[in-house]
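Among the features that Swiss-Prot reports, active site, proton acceptor is placed at His47, with the record citing similarity to another entry. The feature divalent metal cation binding site is assigned by Swiss-Prot to Glu151, Asp177. For Arg72, the entry in Swiss-Prot reads site 'Transition state stabilizer'. Residues or ranges marked as site 'Increases basicity of active site His' by Swiss-Prot: Asp86.
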Amino acid sequence: MPANNPFKTALAARQAQIGLWLSMATPYLAEVSATAGFDWLLIDGEHAPNDLRSTLHALQAVAPYPVQPVVRAVAGEVPLIKQLLDIGVRSLLVPMVDTAEQARMVVSATRYPPQGIRGVGSAIARASQWSARTDYLDVADDEVCLLVQAETVTALQNLEAICAVDGIDGVFIGPADLAASMGHRGRPGHPEVQAAIEGAMRTIIASGKAAGTLTSDPALARRYLDLGCTFVATGVDVMLYANAARKLAASFREQPSDAPAADKPSAAY
């Protein structure tokens with residue numbers, strides 16, 4: 001069968017993709033989220049307590065649904081990328097890519113030789129349906145949608161070079177880490193940070209690559225989409241639950257909850 005990755009196809013066509021961030025590390029909630037109507041779900045392996053096995057379980061949980069899973073690795077490590085691709089990850093987000101050299105290494109890790117250095121173990125891999133997909137090795141490289149995160153001042157300085165790397169399908173701006181890198185830790189909504197984010201998005205879009213980010217602020221999400229951002233995560237599962245639970249508990253108390261305001265959006269999470 002030909003290479004098949006609906007998320008990659010949508011990004012290439014610049015069709016806006018609205019996503020939800022999954023940080024609870026449970027396949028049950030991943031499946032619930034798959035029924036919500038989002039275009040994509042981010043299974044987080046960087047800041048959420050996911051490992052290879054829990055990531056596999058999440059992929060299996062959402063597989064019956066049309067929503068597209070994207071997996072964020074804890075780092076752009078070659079052995080880990082090999083394992084993630086083997087368990088069936090087709091859309092991969094790699095954090096903290098600061099240079100074109102790093103971007104090229106990540107691309108190489110997602111390609112089989114001679115184009116790259118990915119180890120060949122497809123016969124025992126979920127990705128090939130355990131060899132039921134007899135043409136898997138022929139189409140595997142084309143099925144990968146590779147996204148890298150630019151989330152430091154250094155990355156923004158090198159953004160044009162990163163975008164120019166062949167094999168990078170999109171660049172995701174990480175607002176929280178970028179804010180910290182700019183000296184505004186915990187304040188991704190700071191005007192200087194927002195100006196940097198919007199400038200970076202324009203650079204990415206001008207390069208022909210897809211731009212993406214995360215924000216729980218609906219107005220800001222729409223602003224990014226209007227700028228031409230293609231893939232935007234608009235909420236985080238654990239925050240949605242925590243805020244709803246706190247609000248419900250507070251509604252039955254005489255005193256307002258001392259917890260953070262549930263309805264206050266964040267430019268980062």
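Any Cβ shown, glycine's included, is placed from N, Cα and C.
Non-local contacts of Glu151 (divalent metal cation binding site) by the CB criterion (under 8 A, 6+ apart in sequence, same chain) comprise Pro95, Met96, Ile173, Gly174, Pro175, Ala176, Asp177, Leu178, Ser181. For the recorded site, Glu151 (divalent metal cation binding site), the DSSP three-state label reads coil.
Asp86 (site 'Increases basicity of active site His') sits 22 Å from the residue listed as 'active site, proton acceptor', taking the CA atoms of both as reference points. Among the recorded positions His47, Arg72, the residue whose Cβ has the fewest other Cβ atoms within 10 Å is His47. When Cβ atoms from all protein chains are considered, those within 10 Å of Asp86 (site 'Increases basicity of active site His') total 20, not counting its own. DSSP assigns Arg72 (site 'Transition state stabilizer') to a strand.
In three-state terms derived from DSSP, the residue listed as 'active site, proton acceptor' belongs to neither a helical nor a strand segment and is classed as coil. For Asp177 (divalent metal cation binding site), other Cβ atoms within 10 Å of its Cβ number 19.
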